[in-house]
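Enquirer: Submitted below is the structure of interest, expressed as C-alpha cells.
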Amino acid sequence: MTVLPVCSWLPTLSRNRGETRAPLVEELYRFRDRLPEKLRYLADAPQQDPEGNKTMVRFSRKTKQQYVSSEKDGKATGWSAFYVDGKWVEGKK
C-alpha cells in the first residue's frame, strides 16, 4: 500500500494563506466519498480519544506511516492509534 502524507493533498482549512495544519478525522469523514479508495481508511479512524478530545491525522517520518493522535489545549495528550492489519489499534504513550 502506498502511503501519502494527507497534508500534501488536503486543501488548507486554516485562515492564513500558506499555513497548513493536520486535518481532523471528523473533517475527513465528511468527505469520505471523495477520498481515493486507498485513503478512505483514514476517514474511518477514531474521531475522538477515550477522553473525548478530537483526533487528527498525522504522518510519522520515522515509521513512514499515517496515524491519528489527539491534542488538548494545543498540547499532545499522548494518545494515538495506528492502522495495523486492516484495523485501528489504539495506544497510549
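A Cβ is built for glycine as well, from the same backbone N, Cα and C atoms used for every other residue.
These figures come from a predicted structure and were not determined experimentally.
According to TrEMBL, the protein has these features:
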- 52-90: domain 'DNA topoisomerase I zinc ribbon-like bacterial-type' (DOMAIN)
Enquirer: What are the DSSP helix/strand/coil residue counts across the domain 'DNA topoisomerase I zinc ribbon-like bacterial-type' (52-90)?
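Expert: Going through the domain 'DNA topoisomerase I zinc ribbon-like bacterial-type' (52-90) residue by residue, I get 0 helix, 29 strand, 10 coil.
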Enquirer: Compute the average pLDDT of the predicted model within the domain 'DNA topoisomerase I zinc ribbon-like bacterial-type' (52-90).
Expert: 94
